[in-house]
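Annotated features, as they stand in TrEMBL:
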| type | residues | note |
| --- | --- | --- |
| DOMAIN | 28-213 | domain '3-hydroxyacyl-CoA dehydrogenase NAD binding' |
| BINDING | GLY33, GLY34, GLY35, LEU36, MET37, GLY38, ASP56, GLU121, LYS126, SER148, ASN172, LYS304 | NAD(+) binding site |
| BINDING | SER72, LYS79, SER148 | CoA binding site |
| SITE | HIS169 | site 'Important for catalytic activity' |
| DOMAIN | 215-312 | domain '3-hydroxyacyl-CoA dehydrogenase C-terminal' |
Amino acid sequence: MAFATRHFVRAASSDAATAAAKKLLIKHVTIIGGGLMGAGIAQVAAASGHTVVLVDQSDEILKKSTKGIEESLKRVTKKKFADKPEAGAEFIKKTLKNLTTSTDAASVVHSTDLVIEAIVENLEVKNELFKTLDKFAPEHTIFASNTSSLQITKMANTTTRQDRFGGLHFFNPVPMMKLVEVIKTPMTSQKTFESLMDFSKAVGKSPVSCKDTPGFIVNRLLVPYMMEAVRLFERGDASKEDIDVAMKLGAGYPMGPFELLDYVGLDTSKYIIDGWHSLEPNNPLFAPSPLLNKLVEEKKLGKKTGEGFYKYK
């Protein structure tokens, strides 16, 4: 019996080792979208030794993205290599050497291990992109979306690689924020999931796992919290200033809900809550806000437009 037990343990260990060996070691990464999120993901991937191609629609956008990455790397090196400027310069040089850009996604995905989409939060646009890239990417390539609010499953269903599709939700600013939400759909294989977890750790992040539920973990808790703050203000129960102070001093939050809404963008918050409301119209947590809708109509979107719930110079 003891022999049988030892034999079983060895067999189980062997099976685990075989499963681990089957995981995809991600070396080459293609990131679609040169905005803040895409550029940030490109930076941390390149800085951790991955070969990265950053893709967007024009060279002008990509030049701006590259410049932003360079500036961000300089800020990182000031802290990381404060007493070793030569090592800092070498770190920047190596990171930028790992990064190239392209305006033709279809031509660069043929040799990539992982495609991360970080484009506009529009399901139709994302679906069209994944449907196209699915035709050009190798069979082993994993697809992932950086969406913060849309269903990963719906995107996966536009491809022939539902088992090699998941979510990688990074947080802004990517070089500073340690969290990545790794989203597993009902079709995502264990091999794909583990590969995405390993990649997240390789780029220096702390991954958490979540099923494909609206908002995943952080936004599912954060967005209703911010919306409830707006409702509190709409009812006249408290001023937005006092609500912000209360949550900073009483709950220890670095920003109050109205400050955070302005930082995130009121249009982004409205888009998220409208999408969830359409999925679950009877859920009071997802009820739209007349005040938020009014501010978005007036193009008062927060810090990026100079005015939202607060005014900015």
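One is the number of the first residue shown, and numbering goes on along the chain from there.
A Cβ is built for glycine as well, from the same backbone N, Cα and C atoms used for every other residue.
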Pairwise Cα distance maximum in Å, CoA-binding residues per record: SER72, LYS79, SER148: 29
Under 8 Å by Cβ from GLY33 (NAD(+) binding site), same chain, sequence gap 6 or more: VAL55, ASP56, GLU117, ALA118, ILE119, ASN146
Cβ-Cβ distance under 8 Å to GLY35 (NAD(+) binding site), same chain, at least six residues away: SER65, ALA118, ILE119
Integer mean pLDDT for the domain '3-hydroxyacyl-CoA dehydrogenase C-terminal' (215-312): 96
Number of other Cβ atoms within 10 Å of the Cβ of ASP56 (NAD(+) binding site) across all protein chains: 24
Binding-site residues compared (SER72, SER148, ASN172) - highest count of Cβ atoms within 10 Å: SER148
Fewest other C-beta atoms within 10 angstroms, as judged across LYS79, LYS126, HIS169, which are the recorded positions: LYS79
The domain '3-hydroxyacyl-CoA dehydrogenase C-terminal' (215-312), counted residue by residue under DSSP: helix, strand, coil: 64 helix, 3 strand, 31 coil
